[in-house]
């Protein structure tokens, strides 16, 4: 069958009438329209009747849609500040400048968390020389840890607002000054003020903006880049305890602290020279993005991290003391454990980043936390030097692997990257309370049991277990497509960003063969027309191609593709003549309810059935504000592509030919346009009427016209 490419070529060049917008079902055309918009004088937006009139006029013929959409887009542009009228270029995702930022981020992590993670060396020294209980001494490290996390709530917003350099300079100055003043401290309260408060405060001011900045330079390689940057904490965890171990006997405490101060001073000056933000400032918006706490994925993730951090820092701070008190090793040998537990974390922070880029952050975290929990419980049985070294190596690897993935995991669930600094800071703020209380709770439990570590070890291991349960709940939400993405599709790559290439769509290989899909497929075959059934399977194939090439981390598990198949089979179930006449509901709503009812009877888990229902109800609900589920956005993209030919750059023409050959269109454009007309005539209140020019857009599908 001949399938000429000319219409598709024209669409790729932006020379067709209809391309998808991110909002309200409206359309815009070529890049020339964008150029005209940039030169357009700001129109008045004060008359709401005029706006409604403009929206209604889009129901005219296809050639009128272009002019109307350009006007609408111009009005949207006039709402934006001068900083955001022209979108910034896509992340380079590599290159010398981007990787330089990663190197600078590594230094930032080294000079903050490397110092924090090394507190175990100071913990043992202070306990022996100040004559204070371990639980009291641990408060110094806990406060330092707390402030490094907590200040991120405010400093993360500094990146978004355009104040990265002031935050870096102020934070570095406070931190370095705190280290130098630590060298003069001889009393507990002095150490708390200098090492605990000043170094923690300074590190917190610049660390979170630095990590957020790295995330803006990468897209596909973001997990790898942030994992490499976070590896700096392990580098510091080797360097600082080693310096303390070697210099204390030779130089004494004061000059040992000064050496650390000079080291940080030199490194942070290098960071000030080379580290630069990429995105323009986002000067509006609150310091805390409360909408994040309405997203289950964000809540589950932060809860998981809270419990894990609770346990990790107790172990990091007390491993040396445990070695001295229980295993009877020397002070120098105990410091070796602190060096090892940080040293093995260096590769452990990088390797999982490669796995996360391939399998997704959550799928990588779940097995890591399983091992972490098992190892935490095994600490109870460790009594000798050999067991200590084995425990330290394994615990150091898995705990570092978890921590290294935290920033990129937060990035993966952030709908808009210009809010990443804010959301990462919020997460760190929550974790700060775990870092503050974890070591002290463990120390208090040890003191209450007359020096026995058993109660503290059980508490630490149980916290790890609770954290793993929370992240598995988050993973379940993700695997059924419940992650929130922006409704305006700012997360969807533009034509310049897209990496579309021919791929082999082998339907038999990619179609799920589970029991629930088989039952749903039989139901769809029995109720849908041949034209609609073929359309449903084409949508599945196009969605699979979009995920594979543009959103590889979305396919978090086979359950995601199973849910996607169910969504495709049921999304048009209510467009049949029987169903159109059986209810007053719009076909999307009735179809969603039918899907929910049938899938539950087929044995589908409730979160999965509800995800399908939600996606179907909202699959014709584009817009500029709010969020939508990943499953909902995917069905929007794939159905718009098959129905209207919108955003053709997302799918290669060779894929179209493979899919259409397998599932012919059978004059689908005319068929579906007829369904739209029937619903509007029968239900003038239906949701379809909210999509201006919908029928005309389907009939004017130039991309698919050669295949109809």
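Residue 1 is the first one shown; counting continues down the chain.
Keep in mind that glycine also has a Cβ here, set from the backbone N, Cα and C atoms.
All annotation found in TrEMBL is predicted automatically rather than curated by experts.
Matching 56-79, 296-319, 464-487 against TrEMBL, the residues noted as transmembrane segment span 296-319. In TrEMBL, the feature transmembrane segment is placed on 188-211, out of the ranges 188-211, 500-523.
Spatially, the transmembrane segment (331-350) is not adjacent to the transmembrane segment (362-382); fewer than three Cβ-Cβ distances between them are under 8 Å for residues at least 6 apart in sequence.
The domain 'HD' (532-644) scores a mean pLDDT of 90 in the predicted structure.
Listed by sequence, the residues of this chain that lie at least six past the ends of the transmembrane segment (223-243) yet keep a Cβ under 8 A from its Cβ atoms are 98-99, 102, 105-118, 120-121, 210-211, 214-215, 217, 256, 259-260, 263, 335, 338-339, 341-346, 348-350, 352-354, 356-357, 361, 400, 403-408, 411-412. Sorting each residue of the domain 'HD' (532-644) by its DSSP state yields 86 helix, 3 strand, 24 coil.
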